[in-house]
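A quick write-up on the structure given underneath.
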Amino acid sequence: MGKGDPKKPRGKMSSYAFFVQTCREEHKKKHPDASVNFSEFSKKCSERWKTMSAKEKGKFEDMAKADKARYEREMKTYIPPKGETKKKFKDPNAPKRPPSAFFLFCSEYRPKIKGEHPGLSIGDVAKKLGEMWNNTAADDKQPYEKKAAKLKEKYEKDIAAYRAKGKPDAAKKGVVKAEKSKKKKEEEEDEEDEEDEEEEEDEEDEDEEEDDDDE
């Protein structure tokens, strides 16, 4: 998204960001002419935040929730300037894309591989899963493929209902056009499915990496 686009929605703020903003405003009122040492100020804010009770943090969390809702609402109607691509905004209420047969297979066998080879990196685990899937017989793949097909069928029904609910007038007007472009749309959605699955696997791997770091 364009850095200089004035119509671009302001990014959502976290509860801690709202807290720091409040601290900054308080500091300006008390010391209007004093310059702020950013690193020292940040350190003091961080220490103060750690000692605050959940009740005290509550108002900042409410502010963050309200700002998140504002951001999501504005992003739905935001159109980036021509020639500029924007990352697709994902509505949290939209039906989630179904996993592929391979993704279901990975979900089942990933914990087993990590248990047997605790020293393996995320990349090596993914590589091993790929090798296992390629060496799995077609008959053994069927349960995953059947489950994936059922989940995809359910998703298609859910997304159709979701889209119809969101744009009833557009759905009525575009019946003829939709029929013509149905095949193309399905192909695009299949490509999106693959992209989203890769994103989901990346996110899952990142989460696992963070968990490993915490341990």
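Yeah, the Cβs are placed from backbone N, Cα and C, and that goes for glycine too.
Among Cys23, Cys106, the cysteine that Swiss-Prot records as disulfide-bonded to Cys45 is Cys23. Record note: of Ser15, Ser100, Ser107, Swiss-Prot gives the feature phosphoserine to Ser100, with no matching annotation on the rest. Lys30 is the residue among Lys30, Lys88 that Swiss-Prot describes as N6-acetyllysine. Swiss-Prot marks one residue of Ser53, Ser181 with the annotation ADP-ribosylserine, and that residue is Ser181. Looking up Ser35, Ser39, Ser121 in Swiss-Prot for phosphoserine, the annotated residue turns out to be Ser35.
Under the three-state DSSP scheme, Asp5 (heparin binding site) falls in the coil class.
It is Lys8 that, of the modified residues Lys8, Lys43, Lys141, has its Cβ surrounded by the most other Cβ atoms within 10 Å. Candidate binding-site residues: Asp5, Lys7, Pro9. Nearest to Lys30 (N6-acetyllysine) by Cα distance: Pro9.
Annotated pair Lys28 (N6-acetyllysine) and Pro9 (heparin binding site), C-alpha to C-alpha distance, rounded: 27 Å.
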